[in-house]
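Chemist: I am attaching a structure below and will ask some questions about it afterwards.
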């Protein structure tokens, strides 16, 4: 990335946040590498701007380009704020997950529609604090329109028996340790489908930033509830390596579809516009607003405080 331009002045509406198992996108032309500094610090990695079918796509490595950030250390606010600031409104996030259900086999993919938060407040999880308050709806944490696009791309996966499950509940645990066996059975009793350490607060922050957001989950193990084998890093790595081509095929197909839809209401997240802004403006009275907090909100939404 060292010889790429560090500025880019054209619209970038679509982003991929790559996690464990998807550290880069292949077959896309890199045209810039941005290193923004947000009011919440620097993002986890430079933001690569890639050209795909004539459409610009941003790629950010959630855990850093060397996987140096543990799940609780990921600068989620900086990641989402930096993407929003360059124009991104539509985010596809990739995550390796453990399966909590027999029918979701290692190497299967899941398009979750619900999430249960089992993080512990260690991770900063809102943009609206310190003198500005906002309460944003999160009943349906993922974007139904983006989920529909992902589901139509299942045909691009290869391999016997590999399935794309069209819904499910992802449990997000604190980590970085894996679950105890008792916890794993508890999550199953709650109706959890898969488990990871990354989807929150990322999805909550994307909602606050008025972005369409959908996670694609790739099962790498059966967590520790299953008698098959206890989860460990070696097992996760084995399945990720075996299925990395399918992960890249699926994400590539999704980007093909989204590139065709660039500038559409879905990609521009028109259906989320105003959700946060109304909540923030009506909650904190002008005399109670902290000037520094107002500047931070302005970074997300330029012109936010103008009447």
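Placement of Cβ uses the backbone N, Cα and C atoms for every residue, glycine included.
Pasting the feature list from Swiss-Prot:
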type	residues	note
BINDING	20, 62, 63, 95, 96, 198	phosphate binding site
BINDING	197, 221, 222, 223	substrate binding site
SITE	179	site 'Important for substrate specificity'
SITE	233	site 'Important for substrate specificity'
Chemist: To which of the binding-site residues 62, 63 does the lowest count of other Cβ atoms within 10 Å belong?
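Modeler: Looking at the binding-site residues 62, 63, the Cβ with the fewest others within 10 Å is that of 63.
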Chemist: Within a 10 Å radius of its Cβ, which of these recorded positions (95, 179) has the fewest neighbouring Cβ atoms?
Modeler: 179
Chemist: Looking only at C-alpha atoms, tell me how far residue 63 (phosphate binding site) is from residue 197 (substrate binding site), rounded to the nearest Å.
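Modeler: The Cα atom of residue 63 (phosphate binding site) is 11 Å away from the Cα atom of residue 197 (substrate binding site).
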Chemist: Would you give the longest CA-CA distance, in whole angstrom, between residues of 197, 221, 222, 223, the set recorded as binding substrate?
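Modeler: Of all Cα pairs among the recorded substrate binders, the widest measures 15 Å.
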Chemist: Mind giving me a neighbour count for residue 223 (substrate binding site)? Other Cβ atoms within 10 Å of its Cβ, every protein chain shown.
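Modeler: I count 27 other Cβ atoms within 10 Å of it.
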Chemist: Express the distance between the Cα positions of residue 223 (substrate binding site) and residue 95 (phosphate binding site) as a whole number of Å.
Modeler: 15
Chemist: State the Cα to Cα distance, in Å, between residue 222 (substrate binding site) and residue 179 (site 'Important for substrate specificity'), rounded to an integer.
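Modeler: Spelling it out, the Cα of residue 222 (substrate binding site) and the Cα of residue 179 (site 'Important for substrate specificity') are 11 Å apart.
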Chemist: By CA-CA distance, flag whichever of 179, 197, 221 among the recorded positions is nearest to residue 95 (phosphate binding site).
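Modeler: Out of the listed candidates, the nearest Cα belongs to 197.
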Chemist: Once the chains shown are all counted, how many other Cβ atoms turn up within 10 Å of the Cβ of residue 221 (substrate binding site)?
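Modeler: By my count, 23.
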Chemist: What is the interatomic distance between the Cα atoms of residue 62 (phosphate binding site) and residue 197 (substrate binding site), given in whole Å?
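Modeler: Checking the Cα atoms of residue 62 (phosphate binding site) and residue 197 (substrate binding site) gives a distance of 12 Å.
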